[in-house]
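Colleague: The structure that follows is given in the form of structure tokens.
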């Protein structure tokens, strides 16, 4: 989420160009730091990808300014192609390194596939931008062609036939999801956010299909299958109802009853049998047994229920203030929106310390609930649709310019992805010591602490602005300081964390991500935790 006020629009001219260059410099610094750490042919591919994405990003920006993009993208930001394009490749690289150090060749190859898939998706978006730009940008085409040719050549000689097919499958799913979701959801994404979000969904969908076709007894953790099925099920549910309600009024009681009945049919007739096939047991009984297995889990669930009630009370209280306000355009102040960040910190810290598998599953359930409620709000499903529209409109900002409200879902994803993405089989044999012990806390540090403190202090006392942005130097410095204090508290309360004197790398990682927060116009709730995760894992 933002602090102070909205960033300049793409048509703002020179100030945005300065902020885009600064954002690019921060991203290049992170790419080069990972390259120096890994230093193999794949990291060279990542550098080449970053160079071509930097040039193509300006073509996307020009298309957005001129209204020449194929779909309607979010206009309150630049294209964001460079920072978004590098997330999956860098994540795959550091995952490969960690699993190689742990002696796990299966997940080492999986990391390479993740990196190759991210590069393929980014190159496709670059080709799309260059193909619709007029006149044809010859120099950029040459740079992109050289970088893409080198990446394809190296990947061709590094991946097996099955891995190449897997990358092409994800790319095909990504193309279809782009055509469907960007048409159904105008102004919800920038081009970069579309690469990151839809690329991730495409990869998850392909993984679920692959594992469903090759089910082996006792292979795979049920919590991983649970996450895959929930994510894919909710996405397919949204596409189905968007198609159906294009031909009928979704706000009537008849349509609402149909929605609820179809949800039950999809859940009981598709999702549960699918999950049963993967985990080889009754999903509902497995989930109940998992949630109430120990006393610690019962206490954590009760504590989280209280925090969820508190979050609902905050929403109701802020709406009551709006009702009593004379201004019809009353919006929640920055500090009110950051209450939810504080609640997230209070939720995730105990879960990470005491029971990470429970937090893994609880975050998955919470994601399903958030997406389902957003469908209810978006389609105006009775009896809660109109009520949710009124309650949540108070917390909108310029990043919720499309038909969907996604910032709260991005917040949940930002703090959950470091929990979900850690390759657990590769965390043994000391490969996750030092700064890597903080990887599960990446979302809490970057968004729960850093972004919150930067927003509150930047709005309250910030005077020195970073060039080309509304973000302040004071906000960034207090953000870094607060995250360092948080790391010290984690060392005190989490006995499993041993930094092994990697303090310089931790400070550099936190500072670099905080600088990215100061300059990026993308969804920082999603972008910042992923980059901090990558740097800490490296």
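Each Cβ is built from the backbone N, Cα and C atoms, and glycine gets one as well.
Because TrEMBL annotations are produced automatically, they should be read as predictions rather than curated entries.
Grabbed the feature section from TrEMBL, which reads as follows:
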TRANSMEM  78-95  transmembrane segment
TRANSMEM  107-130  transmembrane segment
TRANSMEM  136-155  transmembrane segment
TRANSMEM  167-185  transmembrane segment
TRANSMEM  225-245  transmembrane segment
TRANSMEM  257-276  transmembrane segment
TRANSMEM  296-317  transmembrane segment
TRANSMEM  338-354  transmembrane segment
TRANSMEM  360-380  transmembrane segment
TRANSMEM  401-421  transmembrane segment
TRANSMEM  441-461  transmembrane segment
TRANSMEM  473-493  transmembrane segment
Colleague: Are the transmembrane segment (338-354) and the transmembrane segment (441-461) close enough to be called in contact, which here means at least 3 C-beta pairs under 8 A that are separated by 6 or more residues?
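Modeller: Answer yes, regions in contact.
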Colleague: Taking 3+ C-beta pairs under 8 angstroms (sequence gap of 6 or more) as contact, is the transmembrane segment (167-185) in contact with the transmembrane segment (107-130)?
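Modeller: Contact confirmed: at least 3 Cβ pairs fall under 8 Å.
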Colleague: So, taking each listed stretch (107-130, 225-245, 257-276, 296-317, 441-461) in turn and counting its Cβ pairs to the transmembrane segment (78-95) that are under 8 angstroms, which one gives the highest count?
Modeller: 107-130
Colleague: Do at least three CB pairs under 8 A connect the transmembrane segment (360-380) and the transmembrane segment (225-245), leaving out pairs fewer than 6 apart in sequence?
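Modeller: Counting Cβ pairs under 8 Å, at least 3, so yes.
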Colleague: May I ask for the residues of the chain that lie six or more residues beyond the transmembrane segment (257-276) and have a Cβ under 8 Å from a Cβ within it?
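Modeller: Long-range Cβ neighbours of the transmembrane segment (257-276): 212, 225-226, 229-230, 233, 237, 240-241, 250, 282-284, 372, 376, 379, 381.
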